[in-house]
Amino acid sequence: MTKIKFTKMHGNGNDFIVIDEFENPVPEEKKAAFAKKVCHRRFGIGADGVLFLAKPLHTSLHMRIFNEDGSEAEMCGNGIRCFVKYAVDNGHMNPGKDKVETKAGILEVEARIEDGKTLVKVSMGKPLFDPKKIPAAGLNNFINKPLHGYEVTAVNTGVPHAVIFVDDVNAVDLMKVAPEIRYDLKTFPKGINVNFVQREGHNLRVRTYERGVEGETLSCGTGSVASAAVARYLGYTRDETTVYTAGGQLNISFVSDIAYMEGPAETVYEGEIDVDFSAL
């Protein structure tokens, strides 16, 4: 048995297990199985994903995220905020501006303390509507195309997202209708996250079905950015908007088409778990 220290964190209810690989390296070939084990909410610690804080490949701290099904994601908006808070709290990073390396690229981040809470702002890059970058079927941007009874717009904000505007997000049977779009591999070859969005003036209310979690999460950072990006593209919102989710709110802004996300990150508790890597 190997003792692995962990920190349980959440960003607006989207919860993660942080593993500091400076102290607790997890074998590369075991990461997927480890994530599935510890994320299980009955037989493990319980989380939407595992964040591995790794030694930098270049000049930045390196974040890797594995979903609860063991798949590795390119990026996670709520996850990177938790990652930055952990890094600041544990001396890997100073408050203020820095960079984090992810599979989606190197992202600029900024951590600040306000009323005793850690807020993290992340430069999420330019939302990509090119179907080759999502990926999605077709040669033209995937904008308001009819699919499974809805008008769907697709965009990549680090990971692929489908965005659907409805009158009332709470009236949507998310677990019934979202998987039809998420698993439409003819349209979205790598699968896609699915967001149902309700307009509230220039702000948005969002529910997200997450790929890899295979269910609804209380909040999705990249989904909030995707929803704001599509709303802006369609002329529904301006350069700044607040996105409300079941887990809390995120402030999304755009400067020269670059998306910025700001929101909280919180530590829940710390602990140790015994892991038999030979059995994984």
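Note that Cβ sites are derived from N, Cα and C of the backbone, with glycine treated the same way.
For Asn14, Asn67, Gly77, Asn78, Asn193, Glu210, Arg211, Gly221, Thr222, the entry in Swiss-Prot reads substrate binding site, with the evidence type sequence analysis. Residue density at Asn193 (substrate binding site): 26 other Cβ atoms are found within 10 A of its Cβ, drawing on all protein chains shown.
The Cβ of Cys76 (active site, proton donor) lies under 8 Å from the Cβ of Asn14, Phe16, Gly49, Leu51, Ile65, Gly158, Val159, Gly221, Thr222, each on the same chain and at least six residues away in sequence. Annotation comment: Swiss-Prot describes Cys76 as active site, proton donor.
Counting Cβ atoms from all protein chains shown, Cys220 (active site, proton acceptor) has 34 others lying within 10 Å of its own Cβ. Sequence annotations record features per position, and here Swiss-Prot assigns active site, proton acceptor to Cys220.
For the substrate site, whose annotated binding residues are Asn14, Asn67, Gly77, Asn78, Asn193, Glu210, Arg211, Gly221, Thr222, the maximal Cα to Cα separation is 15 Å. If you take the Cα of Arg211 (substrate binding site) and the Cα of Cys220 (active site, proton acceptor), they are about 11 angstrom apart, rounded to a whole number. Cβ atoms within 8 Å of the centroid of the Cβ atoms of Asn14, Asn67, Gly77, Asn78, Asn193, Glu210, Arg211, Gly221, Thr222 (the substrate site) belong to the same-chain residues Asp48, Ala73, Cys76, Gly79, Val159, Thr208, Val213, Thr217, Cys220, Gly223, site residues excluded. Note: the Cα of Cys220 (active site, proton acceptor) and the Cα of Gly77 (substrate binding site) are spaced 7 Å from each other.
DSSP classifies Thr222 (substrate binding site) as helix under the three-state reduction.
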